Amino acid sequence: MPPAGGIFHRPPTTRKSRRLTPRSACSNSTCSRTWGEQPWLLALHSIDSDRNAGRRPCKRRAIAMIRTIKSARGSVVNGGNGAMTSAVQTLLDQVEQGGDRAVRELSIRFDKFDRDSYRLTKAEIDACINSLTGREREDLDFAQDQIRNFAEAQRATLLDLEIETLPGVVLGHRNVPIQNVGCYVPGGKYPLLASAHMTVLTARVAGCERIITCAPPFQGKVAEKIVAAQALAGADEIYCLGGVQAIAAMAYGTETIAPVDMVAGPGNAYVAEAKRLLFGKVGIDLFAGPTETLVIADDSVDGELVATDLLGQAEHGVNSPAVLITNSEKLALDTVAEIGRLLTILPTAAIAAKAWEDFGEIILCETTKEMVAEADRLASEHVQVMTRDPDHFLNSMRNYGALFLGARTNVSFGDKVIGTNHTLPTNKAARYTGGLWVGKFLKTCTYQRILTDEASALIGEYGSRLSLMEGFVGHAEQSNIRVRRYGGRNVGYAMPVDPR
């Protein structure tokens, strides 16, 4: 992709933080300088944020041999707009009311795919597994081993609990697997078989009793590699269904598909909106929007590495934000140059370039404290840390989907093979939740028992008075009757129990 004429506009977000965001023109109305005629020249404009930028002359520095790109044109919008919500709700209603007939109609309409039954037979599944080359099967097995091993290690940390909190009072909890889980694996544009590992395998390790999976056809046929991954991960039922109709079929059930209790897995905006609308009818893993990547780097790495990692995630989609936070201006400018170079050779440049053009951002800070603060503010899905002391960010950051520490690892490793789950929070949801993991498929359910009459009377005494403080007479009487029966005390109906 040829470099676009333009400049980088740098309004400081704080006294020290400096943000480099692509701009096609300077926002300072008093500045008439244009740079489009010199595509290898980058102008860095510094404007006092405490004054009206339109009334202040620009300070300019020219740095040679740096490519420039266009401005960020907006922010990613997650969640459906009114039209999308209405359209998705209509499709959900069709499946709820029409069952298998509606599922078939929608599959033909959207995927041009028709079958008598969308559930694959054992023979079809075996054929998909057998279609793998030896190398492909070994690679799939290796990836699934890593994901299974880490999920099993996580599961081992989730212990049931039982404790005697007072003499004769026993409290506890059990981690109970969700019984029926539906896993969605996207595959319309790319056959994202890694999502089969991340959802099906994790649910299997959690101990879910029934795991069904849906994936759309790929290029008009059953997506063989996805089906193989689903089967090897341990799916009990595999359906060649995509989009809203797949999510609806799993949530509502049809004549031939028993409903599930939870739906997990990423998808496009319509799939995400369907999950949002169905939340409450079924559980979901999280609301997933466009892929986000944040690279935090200093001058211990070079621009080629940073640019490669930014574009490697930007190719997910034209609305995938890719951000660099650095304390090295040289690295920032080198990264811009490398992005320009790589976009001339990257096969997915059409997508990655659009994402970088519209949602790319570089934030230049002076201290690691500022870098941490900016990263926590962004609360990005993926945060890759390539600094001299990456553990500083591990110990300091609070808002992120997953951290990738050091230059030896990267987000792609997490997406495909290293073992951590790639289904992660987006749109700043990392402020309040982590990503998909084995614990998402478990319900931590509490229980209690009282072993002695004395303990029942003691708890009943407090329960009686506390209930009446809130005005709940029936609650109080539940306590009182036990104080009478197990404590031998004469307590009037709906009266508080006097302390001994």
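Along the chain as shown, the residues are counted starting at 1.
From the backbone N, Cα and C atoms, a Cβ is placed for every residue, glycine too.
Annotation comment: Swiss-Prot describes GLU381 (among others) as active site, proton acceptor, evidence class similarity to another entry. Cβ-based neighbour count (10 Å, all protein chains) for GLU381 (active site, proton acceptor) stands at 29. GLU381 (active site, proton acceptor) falls outside any helix or strand according to DSSP and counts as coil.
Long-range neighbours of HIS382 (active site, proton acceptor) (same chain, six or more residues apart, CB within less than 8 Å of its CB): THR291, GLU292, THR293, LEU294, GLN313, TYR400, GLY401, ALA402, PHE404, VAL411, GLY414, LEU424. Here Swiss-Prot flags HIS382 (among others) as active site, proton acceptor.
In sequence order, GLY463, SER467 make up the list of same-chain residues 6 or more apart from HIS475 (Zn(2+) binding site) whose Cβ falls under 8 Å from its Cβ. Feature annotation from Swiss-Prot assigns Zn(2+) binding site to GLN313, HIS316, ASP415, HIS475.
The compositional bias 'Basic residues' annotation in Swiss-Prot covers 12-21.
The feature region 'Disordered' is assigned by Swiss-Prot to 1-25.
Distance between Cα atoms for HIS316 (Zn(2+) binding site) and GLU381 (active site, proton acceptor): 13 Å, as a whole number. ASP415 (Zn(2+) binding site) and GLU381 (active site, proton acceptor) are 12 Å apart (CA-CA, integer value). Residue with the densest Cβ environment among the binding-site residues GLN313, HIS316, ASP415: GLN313, by other Cβ atoms within 10 Å.
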